[in-house]
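**Student:** Checked TrEMBL, it gives:
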| type | residues | note |
| --- | --- | --- |
| TRANSMEM | 25-45 | transmembrane segment |
| TRANSMEM | 57-85 | transmembrane segment |
| TRANSMEM | 97-119 | transmembrane segment |
| TRANSMEM | 167-191 | transmembrane segment |
| TRANSMEM | 220-239 | transmembrane segment |
| TRANSMEM | 277-296 | transmembrane segment |
| TRANSMEM | 302-318 | transmembrane segment |
Amino acid sequence: MRIALFGQKNAKQTWQYITTENSHWLSFIVLVIVAVVVNPSFLSWNNLSNQFIQGSIVGICAMGMSLIISAGMIDLTVGSAVAFLSGMGVSVLNRTGSIALCLLFCLGAGFLIGLINGVLVTKGRIAPFIVTLASMSAWRSVINQLGQGGPFTVNLDIYESFRLVSAGRILGVPTLMIFFIVITIITSIIMTKTKFGTYVYAIGSNELAARLSGISVDRIKATIFIYAGTLYGLAGFLLASRLSAIQAASAGMAYEMDAIAAVAIGGTSMSGGRGKIIGTFLGVLMLRIISTVLIMARVPPFLNGLVQGIIIIIAVLAQNRKK
């Protein structure tokens, strides 16, 4: 009798572990099965690589967002920052003819955007929501003014070589997919193998306790925003390469919602203190799969935002239930 009860207890604990600690994997597998049922060719290499291509730029942004949310903060700058950085990146590219200088500009400007946000949050003692809301409005306004309603278009003499940055393949693997995977690995190492990652989770879990334990909370927060801003710079560079013509008013639109949704569906606590980078990685792919399934089901694309909103609510409710 005791053996039977022990076995039932172990089975229950195992199931609880699977549905809590590895819920992102479980959700991902279920979604893949649904997608395969709807479209039997879903697991073909062409389709899988296309899913990565479609989600990689937002995915890179989501890696930065994952750190920000893990620390108990939020960043609404994403879409506007990417639009500004991609548009200005095209301008630098056209003036210099150098892809390397374009990349350096995007990364450097992204660094500065993150630094500004970080300083305002830590030194100005302004809530991250307010800072990034203002920043979102400011950068979109600036790039709209500079573009005067028109697109930032890559010159024809460098168009082909610049396009290959995002449209090329290495050993058959799309370059965008490589960028996304590499950034995911780097971010995962930072969060799991360094003290910095431990401090991020500590701040998100209990900021006061983190301060009392000697953690330089302000420095860590500022660094998080800088890292995220730099990733937005890379995303802007890749977006410019992919589109070759950046519409200031619409480029990067709703990227912040996509990034937040990916982090939430990936299992990161929206109140901070807990999360996994692999969860965010899978969250990005799950959003792409959901979008693909909706298209196959002939659901109007305008309802994608509704679906994302529902996903975020469900994810937060599930997290509250775990607590």
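Here the Cβ of each residue, glycine as well, is placed from N, Cα and C on the backbone.
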**Student:** Short question: most Cβ pairs under 8 Å with the transmembrane segment (25-45), which of 97-119, 167-191, 277-296?
**Tutor:** 277-296
**Student:** Please work out whether the transmembrane segment (167-191) lies in contact with the transmembrane segment (302-318), by counting C-beta pairs under 8 angstroms that are 6 or more apart in sequence and asking whether there are at least 3.
**Tutor:** no
**Student:** Hey, which of 97-119, 220-239, 277-296, 302-318 has the most Cβ-Cβ pairs under 8 Å against the transmembrane segment (57-85)?
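**Tutor:** Per the Cβ count, the answer is 220-239.
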**Student:** So if I exclude everything within five residues of the ends of the transmembrane segment (277-296), which remaining residues of that chain have a CB under 8 angstroms from its CBs? That is, six or more out.
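**Tutor:** Hits for the transmembrane segment (277-296): 24-25, 27-28, 31-32, 34-35, 38-39, 42, 51-52, 54-55, 58-59, 62-63, 65-66, 180, 184, 187-188, 191-192, 258, 261-268, 303-304, 307-308, 311.
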